[in-house]
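Taking it in order: structure first as structure tokens, then the write-up.
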Amino acid sequence: ERKGMIGNIYSMGLALQALEASRDFYAPRDWDCAQAFAVVTKHTFELPMAIAQVLPALVGTSYLDAATLNCDAPADLCPSLRTHRVPRGMMSPPGASQAPQESQDIVVHYSITNKLQGTPFHYKTIVMVPGDSTLLEVLERAEKKDPENFSFKTEQTSWGPMVVSIHGLAASDNDRTYWQFRSSGKPLDQGVGTYKPHSGEHIQAVFSTY
């Protein structure tokens, strides 16, 4: 139903490692992972943390195998990497062989909504950004256009910038609240620092609970 996606794009690396490490225990036959690998190999990972978690699965191993490696062994005694299960050609990002094209500006519809805490509010705007812009750049453009309504704050994490406050309303671990970003009503599977909206897309930031 989700075409190979396990959780979100950030969780795919560890999910594939877990399935790789446990497939012999839970299933007598080889695990059919073509769809899951297709999700990973069609996505261009930019965050070092995500890359570090995906790479072991792409060579048919997991972090658990690090304990059995003999780093003092000669190179010719090292086990060969089991890359035969990754379809040939899927290691290259889509469009890698194509010449770079000039980015054209796109229009993104952006709204913020709070019906959960304090005085409810809903503001929406339309911003124009270069076609390869991240969602973070969309937020920055919206703030520049209307700082009174679209101000926001971020915190840097190992997974990139995380939005912790919008329009003066901050997320809270104690209240179990956070800002969830959605595209046409569906939660995004990437963070604001890596997600790249397409032209005409409707992005909503909704104050939510977990």
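In case you wondered, yes, glycine gets a Cβ from its N, Cα and C as well.
The model shown is predicted, which means the values in this text are computed figures rather than measured ones.
For ASN8, GLN53, LEU188, TYR210, the entry in TrEMBL reads cyanocob(III)alamin binding site. If you look up TrEMBL, you'll see 132-204 marked as domain 'Transcobalamin-like C-terminal'.
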### Query
Which residue counts does DSSP give the domain 'Transcobalamin-like C-terminal' (132-204) for helix, strand and coil?
15 helix, 28 strand, 30 coil
### Number of Cβ atoms other than its own within 10 Å, given for GLN53 (cyanocob(III)alamin binding site)
21
### Query
Can you give the largest Cα to Cα distance in Å, as a whole number, for the residues ASN8, GLN53, LEU188, TYR210 that bind cyanocob(III)alamin in the record?
25
### Task
Would you mind checking how many other C-beta atoms are within 10 angstroms of the C-beta on LEU188 (cyanocob(III)alamin binding site)?
18
#### Entry: Cβ atoms near TYR210 (cyanocob(III)alamin binding site) (within 10 Å, other residues, all chains)
8
